[in-house]
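A.B. asks: Handing you this structure, nothing more for now.
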Amino acid sequence: MGSLRFNYKKRLSYIPFVLVLLDLQHEGVQCGKNAEVENHLELGKKLLAAGQLADALSHFHAAVDEDPKNYMAYYRRATVYLAMGKSKSALPDLSSVVELKPDFTSARLQRGNLLLKQGKLDEAEEDFKKVLKSSPSAKEETDAKTQLIKCDEMQQLLVQTHREFNNEDYKTAAAQLDALLETCVWDVALRELRAECYIQLGELGKAISDLKAATKLKNDNTAAFYKISTIYYKLGDHEMSLNEIRECLKLDPDHKQCFSHYKQVKKLNKQIMSAEELIGEEKYTDAISKYESVMKTEPNVPYYTMQAKERVCHCLSKNQQALEAIETCTEVLKSDPHNVNVLKDRAEAYLLDEQYHEAVRDYETAQEHSESDPQVKEGLERAQRLLKQSQKRDYYKILGVKRNAQKKEIIKAYRKQAQQWHPDNFQDEEEKKKAEQKFIDIASAKEVLTDPEMRRKFDDGQDPLDPENQQGGDNGGHHFHRGWNSWQGFNPFGSGSFNFKFQHN
């Protein structure tokens with residue numbers, strides 16, 4: 001570019017001195033002006049041929065500025081715009097050419113083609129007819145006749161499309177619009193009409209695609225941005241809905257529909273984000289309250305109600321509110337029976353409530369629909385271990401406490417059971433023998449459930465006092481089989497620590 005400008009200046013330096021003197025006269029100024037325009041046109045033409053479109057465009061800009069009545073400057077600039085894919089900018093330049101030189105058939109033919117792509121069928125048809133009346137070349141005549149036939153086909157198809165749309169035959173209308181848009185690719189109205197067909201057919205992704213194209217084809221298309229936002233909102237994508245409605249307000253901050261929708265989406269988005277933050281902080285009770293607010297904010301879009309209930313189900317399960325979690329999760333699964341996240345949460349709630357068969361069933365269903373989820377695999381294995389364990393000794397059941405019982409509750413339950421089943425309370429030998437075994441089980445339960453590591457193992461499906469789970473017959477010094485003698489002298493109402501020696505069988 002720099003070398004071309006240098007050549008241009010160098011070329012000017014060779015202008016005869018006499019021409020410089022004539023600059024003082026009107027005619028001389030006009031000649032200098034035309035020479036400069038021609039120079040810009042020539043340089044622009046060379047750059048265009050070399051594919052340097054931006055540099056060529058700058059020269060054609062200069063030529064138009066120097067001589068606004070030079071039709072060739074407009075035509076060349078339109079050619080660059082078309083090469084750059086900027087048809088919107090090319091159209092006004094082609095119109096200027098036709099206005100300045102009505103018999104310039106090439107420009108009129110190109111303008112007709114652009115008008116046809118924009119769906120301006122009547123205007124395009126008029127251009128093609130004028131081309132045929134202006135002594136066109138053989139090729140131009142053929143092109144104009146072909147495009148006239150195309151205009152007529154499009155007009156007939158457009159009438160049929162509107163008829164089908166008004167008759168609510170959206171599938172047929174959409175198919176006809178496909179054909180129309182193959183030719184009228186830049187027609188905003190046709191894309192918006194096809195988007196409406198897709199909405200009625202429930203193909204919302206396709207509707208969004210057409211509407212987004214419409215926002216690019218029409219700069220101030222607030223209606224399209226509003227519709228895109230409402231579709232995303234109904235799909236449950238509140239973040240994308242918020243992004244699109246902001247685009248509408250950028251174009252028109254006072255747009256009533258967009259502003260009203262913006263307030264609604266912003267409020268909902270804030271509540272959901274806040275609820276998720278609370279879940280991340282393990283503040284499950286607060287998160288439940290926040291999701292209840294979400295359901296009140298948007299009761300009319302089923303997606304948000306179900307999403308909120310799904311997250312409430314998760315919070316209740318994590319908060320160890322087993323029965324409430326099972327009820328809420330079950331409600332969600334009625335509408336979405338293969339929801340893996342809800343199946344996992346309900347399975348965990350079933351485990352809390354000691355419904356092991358149900359937990360295994362939920363994890364198996366989840367695995368069918370998410371084989372690669374490591375949480376499902378781990379959860380299923382744990383549920384199966386707990387089911388197997390429940391068929392043996394269950395220390396929680398022995399003491400009559402829930403799985404989420406605190407240490408104080410466990411010790412209290414132990415003392416009550418130990419007092420009831422202490423062998424010294426029984427005189428009959430058979431009853432005493434039964435009580436001894438019961439007392440051993442009670443003491444074992446207390447031992448396991450008050451030791452954090454042993455309790456963790458038991459909760460994970462392993463009995464730390466079961467010889468089958470011990471390595472080499474030993475498990476950290478604990479042994480499962482103990483006789484009544486091992487427990488004699490132990491005060492169940494003392495400090496709660498065990499001060500006795502274990503005996504091997």
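From the backbone N, Cα and C atoms, a Cβ is placed for every residue, glycine too.
Copying in the features that TrEMBL gives for the protein in this structure:
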| type | residues | note |
| --- | --- | --- |
| COMPBIAS | 450-460 | compositional bias 'Basic and acidic residues' |
| DOMAIN | 394-462 | domain 'J' |
| REGION | 450-483 | region 'Disordered' |
| REPEAT | 37-70 | repeat 'TPR' |
| REPEAT | 71-104 | repeat 'TPR' |
| REPEAT | 105-138 | repeat 'TPR' |
| REPEAT | 222-255 | repeat 'TPR' |
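Mind running through what each feature is packed against?
C.D. replies: As a summary of secondary structure, the domain 'J' (394-462) carries 52 helix, 0 strand, 17 coil according to DSSP.
For the repeat 'TPR' (37-70), the mean pLDDT of the prediction comes to 92.
Helix first, then strand, then coil: DSSP counts for the repeat 'TPR' (105-138) stand at 26 helix, 0 strand, 8 coil.
Remote same-chain residues near the repeat 'TPR' (222-255) are listed as 192, 195, 199, 204, 207-208, 211-212, 214-215, 261-262, 265-266, 268-269, 272, 301, 303-304, 307 (criterion: CB distance under 8 Å, separation of at least six residues from the stretch ends).
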A.B. asks: Where DSSP helix means H, G or I and strand means E or B, what are the helix, strand and coil counts for the repeat 'TPR' (222-255)?
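C.D. replies: Each residue of the repeat 'TPR' (222-255) counted once, the result is 28 helix, 0 strand, 6 coil.
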A.B. asks: Count up the helix, strand and coil residues in the repeat 'TPR' (37-70) according to DSSP, in that order.
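C.D. replies: Secondary-structure breakdown of the repeat 'TPR' (37-70): 27 helix, 0 strand, 7 coil.
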A.B. asks: As a quick check of your reading of DSSP, tell me how many residues in the repeat 'TPR' (71-104) are helical, how many are strand and how many are coil.
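C.D. replies: Split by secondary structure, the repeat 'TPR' (71-104) comes out as 27 helix, 0 strand, 7 coil.
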